[in-house]
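Colleague: Pasting in a structure now, in structure tokens, and then I'll have a few things to ask.
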Amino acid sequence: MITMIVGEIANFAAYAFAPAILVTPLGALSIIISAALAHIILRERLHIFGILGCVLCVVGSTTIVLHAPQEREIESVSEVWDLAMEPAFLFYAAMVITATFILIFHFIPLYGQTHIMVYIGVCSLVGSLTVMSVKALGIVIKLTLSGMNQLIYPQTWAFTLVVLVCVLTQMNYLNKALDTFNTAVVSPIYYVMFTTFTIVASVIMFKDWDRQSPTQVITEICGFVTILSGTFLLHKTKDMADGLQTSLSIRLPKHSEEDGFDGGEGIPLRRQESMRLP
């Protein structure tokens, strides 16, 4: 718990010094470290596809770091507020809030227990607003510590309120998703959607790509896709067994019947049943 708190504080601080388009995708590095520590400490075997997934995450992260935009110079929280009040971001925020309410009040009662995208959609949409507000608070703290007190501005407390509401909503529906569906399925889908919406929100609000050439933008997108590929590969194969007998003994995950695959090797259920026959 202590290391988790320290990690979240460091992640919070990162948003004050670097653009969200750089910080958020680099969250995939925690997946690599977790896989490596599980291999060393818990004796969980890291298979060749898991190693390949880690390599893809490193390559994608390096690509993004080398081509990420420079952090925008901001002198006060009022500047961040002005960026948030521009028509483009207001339209994005309105669309996110509207979509979130539709998902919560219409789709969750009908499809929440059977469609994984409903819960994760709420978490990802709200999460993009969370990151923008967290970045604003990070800038507030950085400027305040440097001698320019930002706590006297009402915009600071408005961003704080947004963070509290969004974080509570995000945690609530993410926990529901984890309670209902298998973690190995929830984690990669949530990472992909959350990171995608966060990048879109950052590009709209802070205009990260306006200061870059088309080549840099395309390279960043390629790096992001590489990270997504590595994350998917690592999660998809992390429970892969060494042999057929071990894989047949693996317990099927919740709602595995939806996609017709088992939770271990991704073997179609019909095919696996035929392999049990003498």
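Any Cβ shown, glycine's included, is placed from N, Cα and C.
Just so you know, TrEMBL annotations never went through curation; they're auto-generated.
Just lifted these from TrEMBL, have a look:
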- 268-278: compositional bias 'Basic and acidic residues' (COMPBIAS)
- 255-278: region 'Disordered' (REGION)
- 12-42: transmembrane segment (TRANSMEM)
- 48-68: transmembrane segment (TRANSMEM)
- 89-110: transmembrane segment (TRANSMEM)
- 116-140: transmembrane segment (TRANSMEM)
- 152-173: transmembrane segment (TRANSMEM)
- 185-206: transmembrane segment (TRANSMEM)
Colleague: Give me the stretch from 48-68, 89-110, 116-140, 152-173, 185-206 with the greatest number of Cβ pairs under 8 Å to the transmembrane segment (12-42).
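Modeller: Ranking 48-68, 89-110, 116-140, 152-173, 185-206 by Cβ pairs under 8 Å to the transmembrane segment (12-42) puts 48-68 first.
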Colleague: Apart from its near flanks, which chain residues at least 6 from the ends of the transmembrane segment (152-173) lie with a Cβ under 8 angstroms of it?
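Modeller: Contacts with the transmembrane segment (152-173): 76-78, 80-81, 100, 119, 122-123, 126-127, 129-130, 133-134, 136-137, 140.
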Colleague: Under an 8 Å Cβ to Cβ limit, what residues of the same chain, 6 or more beyond the ends of the transmembrane segment (116-140), are close to it?
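Modeller: Residues packing against the transmembrane segment (116-140) from afar: 12-17, 20, 24, 74, 77, 80-81, 84, 93, 96, 99-100, 103-104, 107-108, 150-151, 155-156, 159-160, 162-163, 166-167, 169-170, 173-174, 176-177, 180-181, 185-186, 189-190, 193-194, 196-198, 200-202, 205, 255, 258.
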